[in-house]
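Novice: Supplied in structure tokens, the structure appears directly below.
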Amino acid sequence: MRAVVLLSGGMDSLVATAEADALGYELAAMHVNYGQRTWHKELMAFRAICDHYGIRHRLEVDADYLSAIGGSSLTDPSIPVEEADLHGATIPTSYVPFRNASFLSMAVAWSEVIGAEKIYIGAVEEDSSGYPDCRKVFYDAFNRVIELGTRPETAIGIETPLIELQKSAIVRRGIALQVPFRLSWSCYKSEGKACGHCDSCARRLRAFSLAGATDPIDYEQRPDYI
């Protein structure tokens, strides 16, 4: 059995990779560089995680068109990365318009070519930033798109093992699976030490605190988000 994992290098995609590995899939890993601020750090994390799990079949894709489209603080330097607002009801500026649909389309195409049966993605709907393309209903609908848009003999399904978990539960699950959190990168802003203040850093730090664990990566600051 073969599975493609969409591996950004962040903690969620790392744990999703570990879930697929634990089920005995032969893993193929895809990473997308889309002009994000921390693209180099994320790419290094992707490669280190692949090395850790012995994933030899890798695909690194350049999707600069997402940067050209803009509209996100991750890809447009004129839009500042916001300070975290963990109780806000609006979608933050870090949302990249329809990004996951682009990623999934590429992953489906690759899966069809290499004969993968599953696509693993570390999307999180609960305790998340509220991105519309991280909802379970989106992935249910995309599975239907795959069914209609691939060859009749193709059977590819999207797996979202973390979709209904709180971030702290993802940390605990990662600890149980002995994942190398030290190799992952989540910060939206910095490629040196993680900033500790962006939405992604805040949610990660809070998750580790609630799980009773220490995040092993370096931060410029470690605010208490509990």
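Keep in mind that glycine also has a Cβ here, set from the backbone N, Cα and C atoms.
Copying in the features that Swiss-Prot gives for the protein in this structure:
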BINDING   Leu7, Ser8, Gly9, Gly10, Met11, Asp12, Ser13, Leu14, Val15, Ala16, Thr17  ATP binding site
BINDING   Cys187, Cys195, Cys198, Cys201  Zn(2+) binding site
Novice: Do any residues at least six apart in sequence from Val15 (ATP binding site), in the same chain, have a Cβ closer than 8 Å to its Cβ, and if so which, in order?
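Specialist: Long-range Cβ contacts: Gly122, Pro161, Leu162, Ile170, Arg173, Gly174, Leu177, Val179.
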Novice: Cβ within 8 Å of the ATP site centroid (Leu7, Ser8, Gly9, Gly10, Met11, Asp12, Ser13, Leu14, Val15, Ala16, Thr17 excluded): which residues?
Specialist: Ile49, Gly122, Ser184
Novice: Count the Cβ atoms, other than its own, that fall within 10 Å of the Cβ of Cys187 (Zn(2+) binding site), considering every protein chain shown.
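Specialist: Looking across every protein chain shown, the total is 25.
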Novice: For the recorded Zn(2+) site, whose residues are Cys187, Cys195, Cys198, Cys201, find every other residue on that chain with a C-beta no more than 8 angstroms from the centre of their C-beta atoms, and list them by sequence position.
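Specialist: Apart from the listed residues, the neighbours are Val81, Ser186, Tyr188, Lys189, Ser190, Ala194, Gly196, His197, Asp199, Ser200, Ala202, Tyr219.
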Novice: Within 10 Å of Cys187 (Zn(2+) binding site), Cα to Cα, which of the binding-site residues Leu7, Ser13, Thr17 are there?
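Specialist: Checking Cα-Cα distances against Cys187 (Zn(2+) binding site), none of the binding-site residues falls within 10 Å.
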Novice: Can you tell me the three-state DSSP label for Thr17 (ATP binding site)?
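Specialist: In the DSSP reduction, Thr17 (ATP binding site) maps to helix.
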Novice: Between the binding-site residues Met11, Cys198, Cys201, whose Cβ has more other Cβ atoms within 10 Å than any of the rest?
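Specialist: Comparing the binding-site residues Met11, Cys198, Cys201, the most crowded Cβ belongs to Met11.
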